[in-house]
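Listed features, source Swiss-Prot:
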| type | residues | note |
| --- | --- | --- |
| ACT_SITE | ASP189 | active site |
| ACT_SITE | ASP335 | active site |
| BINDING | ASP238, ASP240 | substrate binding site |
| COMPBIAS | 740-756 | compositional bias 'Polar residues' |
| DOMAIN | 576-681 | domain 'PilZ' |
| REGION | 147-242 | region 'Catalytic subdomain A' |
| REGION | 319-379 | region 'Catalytic subdomain B' |
| REGION | 721-756 | region 'Disordered' |
| TRANSMEM | 27-47 | transmembrane segment |
| TRANSMEM | 49-69 | transmembrane segment |
| TRANSMEM | 106-126 | transmembrane segment |
| TRANSMEM | 167-187 | transmembrane segment |
| TRANSMEM | 409-429 | transmembrane segment |
| TRANSMEM | 432-452 | transmembrane segment |
| TRANSMEM | 470-490 | transmembrane segment |
| TRANSMEM | 517-537 | transmembrane segment |
| TRANSMEM | 551-571 | transmembrane segment |
Amino acid sequence: MSEVQSPVPTESRLGRISNKILSLRGASYIVGALGLCALIAATTVTLNNNEQLIVAAVCVVIFFVVGRGKSRRTQIFLEVLSALVSLRYLTWRLTETLDFNTWIQGILGVILLMAELYALYMLFLSYFQTIQPLHRAPLPLPDNVDDWPTVDIFIPTYDEQLSIVRLTVLGALGIDWPPDKVNVYILDDGVRPEFEQFAKDCGALYIGRVDVDSAHAKAGNLNHAIKRTSGDYILILDCDHIPTRAFLQIAMGWMVADRKIALMQTPHHFYSPDPFQRNLAVGYRTPPEGNLFYGVIQDGNDFWDATFFCGSCAILRREAIESIGGFAVETVTEDAHTALRMQRRGWSTAYLRIPVASGLATERLTTHIGQRMRWARGMIQIFRVDNPMLGRGLKLGQRLCYLSAMTSFFFAIPRVIFLASPLAFLFAGQNIIAAAPLAVAAYALPHMFHSIATAAKVNKGWRYSFWSEVYETTMALFLVRVTIVTLLFPSKGKFNVTEKGGVLEEEEFDLGATYPNIIFATIMMGGLLIGLFELIVRFNQLDVIARNAYLLNCAWALISLIILFAAIAVGRETKQVRYNHRVEAHIPVTVYDAPAEGQPHTYYNATHGMTQDVSMGGVAVHIPLPDVTTGPVKKRIHAVLDGEEIDIPATMLRCTNGKAVFTWDNNDLDTERDIVRFVFGRADAWLQWNNYEDDRPLRSLWSLLLSIKALFRKKGKIMANSRPKKKPLALPVERREPTTIHSGQTQEGKISRAAS
């Protein structure tokens, strides 16, 4: 099975020529040598502004000519070109723009320079990290099923609703693997009776942990379970990540073939929209925030043998976990720290860019920010207590990839500095960049152009231009304190569980998640108005230097305002009235009349159709049936999934214009299993996760402006915090007898599977 790729655009003649040149024997060495010479020249050659403008124009032309190519060498060339232009900008900043008249100017100017150095450092690290994505393909398993390993599937849960967890458990029980070689465990922090009962009903195994208050949260839960299980491998699924049936068959091959691989990570795909997708006007046409990491960065990490463990949707070798004493408990991001510790011991990690599970995205901006605060705290903790640049066991590539991941969470402070810098002049008259507009055009604009344009080429449809700025700005003012406190006191902070599942019956504005940016934007607007007043009313009284400074800082303030307003727009929470998220799916089905009770099962009045979307609540089908608007009609829906037949009872609510809407008749556990299989378990369910157009920066900027416009529509009420209603527990189901294990009363020796 291979990943479905979007159609490759036809290359132009110039693109083919540039690819041929870069593919010639020895071309890579020539390009590398030329690039090194150019980088040296960038730090030594002095040019006046006019000469620099010519160089900048030539570099832009080179970008457009070479950028027509689609090869990997083309991308590397563009990254080297971008690095050259950025180093040229850095040289200019260090040598010609630090002419300060007062000590206040000096302090503010150095602060801005430090933020720029951080941004350039992250830019160069990202180029290194993604220079050669591995694009690993699945490996087949041994032909003899007897040679397949045993697997324990861990589903840890703390305070999540059973209605969410049960779908993951049923999906895991349906994974296509020899029944005597797989066990599914609910790891319950807190021993809740309804979870134990559900395990008995569905045939899963249950491990409850009573004393969880000071027991290292999720990492402690996993370590508690490791001591009570024995499978060769452990598949970890967050309690909302529902696997496809093919998960293990797709992802296990590399683990069996290479005994040095300790981890096989797969993408975290979400079937529900994140707050940015749901709340912004063009969000649904924009890739999810996490796609950049799972589509580009992790593939780059894999080349350097530096794939991170992301806490879920991953297979781990038990031997490797036991070799480091279990999951890391020193930080609140046990996943990345565990991978780092395994790699220090010589284990390899791997990444497969095929989504084989899907979960719920954070559904409210408040919870999204809270989750990112935990990630930032955890990665900074690792930076402090187990810095990848120190200690033994890691190769240089691994050190740099981990360093990039950890220091990327320092973004909050530089982001605030970039946004606020024009206020230094607009409010206090402190010009912290001593440069004429021509110099800015010659040095700064080319640096910005190449950074944005090269990122668009590298990221393609995984992340759109300017959206990283919006993501960071949304969270920056909340993360500043977390960053500083964790750097100074890495032991502070605790694990928090991300709340998921629920509805929002009315459109609301989340003031609690946006008030810092609202205050920030108000101050920025004040500064912009002052600058415009000076330019319009007092223009003739200003000297040339003052006019240039006001023009530069007003333009800067306007850019900051655009980003701030886009971040504020995310707080406009749109209605979410469905408990069950609909998923687009095109599945051939046969719809037929449900037989009366006691009657033989026959395909009476069978009609073929194609599903439009599916959910745990029902399905929409395009089907040539006469219009039905008078009431519910009992039907059955038949499909063939991955070579196996499935048949689900449903009620047709209506049929108009060839589209029929059904609700599932979900009255027993077996039916619920089939629905989970139909909606989430298909091997090809999520292969279109990257089905987004390639990035075009101007189009991306326009989409942000449309989102800002939508912020001011007259609808919705202001709220201090967003609390979605919880989904009620699912219907009671038939009972089945399993084995139950509680902390402190573990059955010694063996754990048997319940009858299914």
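Heads up, the Cβ atoms here are built off N, Cα and C, so glycines get one too.
Because the structure is a prediction, the values reported are computed rather than measured.
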Rounded Cα-Cα span from ASP240 (substrate binding site) to ASP189 (active site), Å: 16
Tally of residues which DSSP labels helix, strand or coil - the domain 'PilZ' (576-681): 12 helix, 51 strand, 43 coil
Remote residues contacting the transmembrane segment (167-187) - C-beta distance under 8 A, at least 6 residues beyond either end: 145, 148-157, 195, 198-199, 202-207, 209, 221-222, 224-225, 229, 231, 235, 237-249, 357, 616, 642, 672-673, 676-677, 680-681, 751, 753, 756
Secondary structure tally of the region 'Catalytic subdomain A' (147-242) (DSSP, helix then strand then coil): 36 helix, 25 strand, 35 coil
The domain 'PilZ' (576-681) [mean pLDDT, rounded to integer]: 88
Interface-richest range of 106-126, 409-429, 470-490, 517-537 toward the transmembrane segment (551-571), CB pairs under 8 Å: 517-537
Interface check, the transmembrane segment (470-490) with the transmembrane segment (409-429), three or more C-beta pairs under 8 A: yes
Intrachain residues whose Cβ lies under 8 Å of the transmembrane segment (106-126), provided they are six or more past its termini: 82-83, 86, 90, 93-94, 98, 100, 297, 400, 403-404, 407-408, 410-411, 413-414, 417-418, 421, 424, 430, 432-433, 451
Contact set, same chain, for the transmembrane segment (432-452): CB under 8 Å, 6 or more residues outside the stretch: 49-50, 52-53, 56, 59-60, 63, 78, 81-82, 85-86, 88-89, 92-93, 96-100, 105, 108-109, 112, 123, 421, 424-425, 465-466, 548, 551-552, 697
DSSP residue counts for the region 'Catalytic subdomain B' (319-379), split into helix, strand and coil: 31 helix, 7 strand, 23 coil
Cβ atoms near ASP240 (substrate binding site) (within 10 Å, other residues, all chains): 25
Neighbour tally for ASP189 (active site), based on other Cβ positions within 10 Å of its Cβ: 24
